[in-house]
Each structure stands twice: as C-alpha cells, then as structure tokens.
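One structure is given here, and the rest of the page talks about it.
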Amino acid sequence: MDWDSVAAEDVIEALREVEWSTRPRSLAEFFSRFAFPRSFSKWMSRLKCNLYYYRTNYFILLILVLGLALITRPLAILGAALTALSLAFLNDSFAATFNEKVIRTIRHFSPHLAAKMRPPHMPVIRGRSAAKKTVYICGQPRLVFVLFGLTASFALWFTSCGLLWVLYALATALLMITLHASLRTPNLKARLNTFREEFRAVWRNYSEL
C-alpha cells in the first residue's frame, strides 16, 4: 500500500472503523529496527503506517503512561479510565460490541427496557442503511456518551487537583507514540497485514450489498 497517497483524514476514518480487538504486537517486534526517515514524505508515510499497524500497542502505551503518572491520585486514575472508555466509543466496532453486551445484560433483568435501548430502525436504500455512519449506544447517539464521559473525566481530574499533571502525562505519552511511529521502520509483516485488512473491509462492504 502506498501510504504517501493516504490522507490523514483517511487514516482517522480507518482507525474509527477498523477492528481493535486484535492482540497487540509483540515487544520484540515493537522495539526493533529503528531508523531516521530520509525525507519528509517518507516520515509522513511511516507515521501513518505505524499509527495504523501498531494502534493497539499505542493505546496500551497511552494508558500505561497515564496510569503511572496518576498512581497516587485515585480520582485522576478513574478519570483517565473514563477518558479512555470515551475515546474507545469513537471506534465503531467497540461501540457496537459494548452496546450489544450492555443490552444482553439488561435483558436478563428487564426485557422491556432492553428492547427500548435498541437503536432506531434505519431506512434502507439500495441495500444499504441510509445512516450507515450513525452509531447508537443504549438507544442514544454515540456522541452523547462520548461527551458525557469526557465531561465526567474532566470533573474527576479537576477534583483530584491533577489536571495539569494529566496534561503533562498525556503530552509525554503522545510524544513517545510520535517518536516511535516516526523511527520504527515498517516491516513486511505490517504491509501484508494492511493488505489483509483492506481485503476484509472491501469484502465486508460487498457482503452488505
């Protein structure tokens, strides 16, 4: 895949739609073969490729850095966990899986309430849903849960007096992720994995027709 022709918006869209349930890459692979990019275009291509391929590793790294920085502030740790959950809701696969598990759990106690929490019926045009990009969680638009989670986490950070420290930890984590994605040379396995996931995405789109 030619990552030079992939825009940053396409990478963000792919990260939103791709499966995040895959296991993280091994540490031996994650910390091997580093080199400086030869040009700006090579750097951008490498950055986009690694952000897509090592997405699970970077997410775990972000959580670990925040956890270590906030280990003496329980409320801030809870806020960081709530922030991670809110950001995870931005991924279609995670949001759909979370919604199904919550509804299944509630169904054991109140089938009527679980039925109300189902997403509204979407009209179908030419074999596809007219609101394909709309994702619901417990009957509400996903954005409601994201905004509520981020607001609650901000309140927890502010209460724990660790908001500035959280920002430092977050900036450190993002800097570490950017440095790794910039210096880690894409390997053949990463390219083959990208082709395989592209094929699955295309096949899934055809199966929805």
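Note that Cβ sites are derived from N, Cα and C of the backbone, with glycine treated the same way.
Annotation source TrEMBL lists transmembrane segment at 52-71 (among others).
The transmembrane segment annotation in TrEMBL covers 77-98 (among others). Away from its own ends, the transmembrane segment (77-98) comes close to residues 15-21, 59, 62-63, 66-67, 70-71, 135, 137, 142, 145-146, 148-150, 152-157, 160, 166 of its chain (Cβ-Cβ under 8 Å, at least six residues beyond either end).
Residues or ranges marked as transmembrane segment by TrEMBL: 135-157 (among others).
Residues or ranges marked as transmembrane segment in TrEMBL: 163-183 (among others).
Here the transmembrane segment (135-157) has long-range neighbours at 75-76, 78-80, 82-83, 85-87, 89-90, 92, 95-96, 98-99, 102-103, 116-120, 163, 166, meaning same-chain residues at least 6 beyond its ends whose C-beta is under 8 angstroms from one of its own.
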